Ligand code: ADP
Ligand code: ZN
């Protein structure tokens with residue numbers, strides 16, 4: 001199954017993908033995670049994209065596509081994958097659609113106010129990528145990642161000024177993908193306001209019947 005998760009930054013794509021991945025046995029491929037890991041490890045890619053991510057803009061299409069296609073050739077992606085954060089522009093979608101066909105695009109929908117506070121309250125573990133929310137889903141022990149013992153922190157791009165820029169970029173460059181995949185009858189809408197567990201359950205039953 002080739003699945004794509006679509007929705008604003010903060011709609012919960014990453015949280016959903018992390019728990020869905022083991023349930024459906026498909027790798028979670030997040031371009032944001034790939035870029036952040038590269039920055040964390042100071043690789044050539046990391047140096048190239050660091051200021052772009054910090055500003056809330058998008059990494060150039062060509063670079064993003066080549067990173068994704070390289071990742072998709074790895075053996076674990078042969079049976080399918082959960083794409084999180086890609087494609088994110090119409091040119092990326094067109095490049096992708098020429099190579100493969102998605103089975104479904106899971107669109108997560110929520111109101112703007114919740115969206116913004118989810119981002120500004122979010123904490124992420126720099127070592128394993130686990131996602132937390134200061135108020136609603138804090139780590140069990142303060143400042144200690146449940147999964148790996150790392151220290152969850154705020155992402156630099158989750159500060160309010162950058163959040164606004166990212167949402168602006170989403171509506172300008174990414175939201176047109178809804179129409180693009182609606183025309184191909186791939187869009188399936190889900191209410192992203194429900195609890196992570198309820199959303200997971202709903203998406204899992206949907207995928208079982210796909
Ligand atoms: P979010 O969806 O919460 O913004 P991500 O982790 O998906 O977070 O992405 C973080 C940043 O990584 C984006 O703001 C952008 O700079 C870059 N990025 C991720 N995916 C793409 C993509 N497909 N194309 C271009 N840039 C991307
Ligand atoms: Zn961790």
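Backbone N, Cα and C atoms are what each Cβ position is placed from, and that goes for glycine too.
Where the annotation comes from TrEMBL, it is an automatic prediction and has not been curated.
All protein chains shown were included, and the count of other CB atoms within 10 Å of the CB of residue 14 (ATP binding site) stands at 21. According to TrEMBL, the feature ATP binding site maps to 10, 11, 12, 13, 14, 15, 122, 131, 132, 194.
Sequence-distant neighbours of the region 'NMP' (30-59) (same chain, 6+ residues past either end, Cβ-Cβ under 8 Å): 14, 17, 67-68, 71, 84-86, 88-89, 126, 129, 155-157, 162-166, 169, 173. Annotation source TrEMBL lists region 'NMP' at 30-59.
DSSP assigns residue 88 (AMP binding site) to coil in the three-state reduction, placing it in neither a helix nor a strand. Under the heading AMP binding site, TrEMBL lists 31, 36, 57, 58, 59, 85, 86, 87, 88, 92, 155, 166.
The annotation region 'LID' is assigned in TrEMBL to 121-158. Long-range contacts of the region 'LID' (121-158) within the same chain: residues 10, 14-15, 18, 30, 33, 36-37, 40, 53-54, 56, 166, 196, each at least 6 residues beyond the stretch ends and with a Cβ under 8 Å from a Cβ of the stretch.
Here TrEMBL flags 122-157 as domain 'Adenylate kinase active site lid'. Mean model confidence of the domain 'Adenylate kinase active site lid' (122-157) amounts to 94 (pLDDT, 0 to 100 scale).
The annotation Zn(2+) binding site is assigned in TrEMBL to 125, 128, 145, 148. Sequence-distant contacts of residue 125 (Zn(2+) binding site), defined as residues of its own chain at least six apart whose C-beta falls under 8 angstroms from its C-beta, comprise 131, 132, 145, 147, 148, 150, 151, 152.
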Cα distance (Å, whole number) from residue 122 (ATP binding site) to residue 59 (AMP binding site): 22
For the domain 'Adenylate kinase active site lid' (122-157), the number of residues DSSP places in helix, strand and coil: 2 helix, 10 strand, 24 coil
Contacting binding-site residues, sequence order - 10, 14, 57, 59, 86, 145 vs ligand 2, Cβ under 6 Å: 145
Cα-to-Cα gap, residue 57 (AMP binding site) vs residue 14 (ATP binding site), nearest whole Å: 19
Coarse DSSP state, helix versus strand versus coil, of residue 14 (ATP binding site): helix
Rounded to the nearest Å - Cα separation of residue 31 (AMP binding site) and residue 122 (ATP binding site): 18
